[in-house]
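Chemist: One structure coming up, written as structure tokens, with questions to follow.
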Ligand SMILES: Cc1cc2nc3c(=O)[nH]c(=O)nc-3n(C[C@H](O)[C@H](O)[C@H](O)COP(=O)(O)OP(=O)(O)OC[C@H]3O[C@@H](n4cnc5c(N)ncnc54)[C@H](O)[C@@H]3O)c2cc1C
Ligand SMILES: *[C@@H]1O[C@H](CO)[C@@H](O)[C@H](O)[C@H]1NC(C)=O
Ligand SMILES: *[C@@H]1O[C@H](CO)[C@@H](O)[C@H](O)[C@H]1NC(C)=O
Ligand SMILES: *[C@@H]1O[C@H](CO)[C@@H](O)[C@H](O)[C@H]1NC(C)=O
Ligand SMILES: *[C@@H]1O[C@H](CO)[C@@H](O)[C@H](O)[C@H]1NC(C)=O
Ligand SMILES: *[C@@H]1O[C@H](CO)[C@@H](O)[C@H](O)[C@H]1NC(C)=O
Ligand SMILES: *[C@@H]1O[C@H](CO)[C@@H](O)[C@H](O)[C@H]1NC(C)=O
């Protein structure tokens with residue numbers, strides 16, 4: 001009998017593979033998508049295809065030199081720059097939500113900060129999704145698997161870098177042929193970073209924070225420290241999802257196929273359902289410049305799947321174009337409805353950014369790179385020759401403020417009491433008439449309000465930029481040098497939505513994060529910006545403070561004035577989540593805890609869109625973890641299926 005089974009298995013392996021069909025088709029080659037592609041293609045018997053709109057850009061200096069991150073024309077051309085609808089609570093302004101448009105997705109243009117949220121927040125997502133498999137203890141191994149961590153060297157430690165080795169990945173790859181993102185510390189530290197940390201720790205005039213051992217260890221309340229970066233510390237270059245998960249073995253992986261400049265227009269479905277579930281049969285896409293579509297077939301008979309990883313604003317769009325979403329909305333656009341799943345694209349949340357900056361007399365700031373061409377060239381040469389100087393810096397020292405750092409105890413208790421009173425009102429408004437999602441948003445708000453009550457919420461990140469950061473163009477800055485402190489709202493209760501408005505796959509969707517539609521969000525960001533203004537004047541940072549530039553003396557001191565200023569100035573922090581949320585169906589979720597879309601047999605989602613509610617962290621590290629979890633779920637399902645097939649064959653044979 002065993003011999004029979006074995007020969008069956010061997011035969012199966014020898015069947016020639018159909019080259020135009022793939023076991024896994026991945027829509028979007030970004031932060032989440034490339035992890036899944038990389039992990040699945042470790043198995044040489046499966047064919048994996050990645051379809052990505054943008055080009056491959058690893059060899060562009062603005063991408064790989066840490067000090068050039070966030071600048072230059074590159075950040076226009078490799079950026080979706082989604083426009084929001086006029087934001088009612090922000091003076092009807094149209095804001096820009098950035099997202100990477102290249103192989104590597106947002107990890108190509110992001111600021112390389114690798115932080116994680118609190119243990120309690122991940123545990124809450126586990127509770128919300130009704131699965132202990134998404135609590136901190138369960139996801140930590142996936143965070144670790146996703147990185148190759150280079151501990152700080154003596155010089156970096158001298159400059160304030162520290163870490164807890166037991167929350168990180170290994171320092172060298174367990175196997176050179178498998179992927180993981182390289183994480184480490186930069187080579188240059190501006191003195192302002194340590195001055196900022198000391199100002200936050202200052203117990204007399206400041207907020208009395210403690211120094212963080214590691215901003216990725218889940219214990220970050222009222223801590224300040226140097227964030228590790230997604231960079232290859234051995235060469236001081238950015239490590240994107242491409243660098244981490246594709247480049248190391250690109251040549252050997254003949255079963256990993258990547259097509260760039262390919263826009264996915266829709267997923268097409270089998271005529272017959274399987275156990276009542278829709279079955280994805282092929283993916284339609286357009287190669288840049290073509291007017292006729294191409295198709296990638298999914299090897300359905302072998303358990304083939306489609307993995308949607310087009311980002312929080314790209315993924316609901318692809319589903320809606322495929323006939324999966326709010327039936328009323330789809331019919332209105334003339335789309336053939338395949339599955340009425342009205343919460344696709346709903347539950348959108350985003351972090352909100354604000355900043356206080358001061359004209360500074362610090363001896364070195366990033367402004368000098370803008371002001372002095374000779375200096376800039378010198379610094380670039382320094383980077384090229386020895387990976388040192390200003391361009392080897394990735395300056396983000398940051399601290400996480402608790403509610404009690406921002407508003408008085410009396411004020412917060414009134415705000416939270418009112419928010420509890422109005423739970424149904426906001427949940428109903430945000431859920432757009434969907435009863436299940438109303439319960440889901442209510443559950444999210446209850447979790448958030450409990451954190452507020454216990455003073456365990458981290459509503460604001462404060463971070464320092466040793467130079468100008470803000471909305472004013474170079475012409476408005478004169479030859480001044482600056483210190484900037486950003487205050488970012490991390491725990492918004494506001495929820496909005498993103499939906500397509502046309503059947504054209506090249507068109508961007510409507511994006512409405514409904515910024516500041518909840519009074520707690522307003523209070524926290526106002527408190528955050530006031531804190532940022534104060535930190536600029538706190539010893540030792542006050543020693544380089546000349547005068548406040550923005551918001552500026554004209555805005556005045558009062559919370560009311562700051563609130564009015566922010567309505568005209570606040571921006572997106574590009575951390576959008578929630579549109580394909582991982583929650584039970586009864587709470588209006590779109591995917592289950594194995595990241596499968598409800599009502600569909602073989603489509604999963606693996607990007608930031610599944611994060612059901614905002615986290616107090618920059619998101620890239622979490623999205624790498626999500627990619628690892630998604631790949632593991634897919635492999636698990638394959639193992640289960642193979643075991644079942646084997647059992648069936650054994651029964652037949654005996
Ligand atoms: C400017 C900026 C700075 C940031 N800074 C940081 C930071 O310092 N640290 C941090 O942790 N996070 C940061 N973030 C956030 C973080 O990078 C993102 O949240 C995260 O990378 C998103 O991962 P994702 O997989 O969801 O989407 P992405 O990585 O954006 O991947 C989605 C991919 O899908 C592609 N795509 C979309 N639609 C289609 C389609 N129809 N067909 C084919 N392909 C498609 C896109 O082009 C893109 O490549 C930043 C983001 C931005 C924009
Ligand atoms: C925003 O637009 C709405 C609708 O057009 C209008 O009623 C409102 O007064 C505007 N608000 C501001 C602050 O301009
Ligand atoms: C390091 O992290 C581990 C795992 O979370 C934790 O148990 C340990 O206490 C941490 N060490 C320190 C010094 O904080
Ligand atoms: C510009 O930088 C060069 C090189 O570091 C320096 O010699 C020069 O003095 C700087 N110019 C000004 C105006 O500061
Ligand atoms: C579905 O779309 C219709 C039309 O845009 C809208 O009126 C309705 O509120 C939407 N339903 C949900 C649950 O979002
Ligand atoms: C910067 O200016 C402050 C006064 O605002 C002064 O106390 C300090 O000594 C100056 N520092 C340097 C480096 O010039
Ligand atoms: C959560 O899981 C339990 C046990 O699996 C189940 O009984 C319950 O119905 C689930 N709750 C939701 C909201 O799905």
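Backbone N, Cα and C define each Cβ position, glycine as well.
Just so you know, TrEMBL annotations are computer predictions that nobody has curated.
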Chemist: According to TrEMBL, which of these ranges is region 'Disordered': 108-130, 131-153, 154-176, 177-199?
Modeler: 154-176
Chemist: Please spell out the DSSP helix, strand and coil residue counts for the region 'Disordered' (154-176).
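Modeler: For that range the per-state counts are 8 helix, 0 strand, 15 coil.
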Chemist: Counting every protein chain present, what is the number of Cβ atoms, excluding its own, within 10 Å of the Cβ of residue 575 (active site, proton donor)?
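Modeler: There are 26 such Cβ atoms around residue 575 (active site, proton donor).
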Chemist: What residues, ordered by sequence, lie under 8 A Cβ-to-Cβ from residue 264 (FAD binding site) and sit at least six positions away in the same chain?
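Modeler: The answer is 27, 28, 51, 53, 283, 284, 285, 310, 318, 505.
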Chemist: What are the DSSP helix, strand and coil residue counts for the domain 'Glucose-methanol-choline oxidoreductase N-terminal' (311-325)?
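Modeler: Counts, helix then strand then coil: 7 helix, 2 strand, 6 coil.
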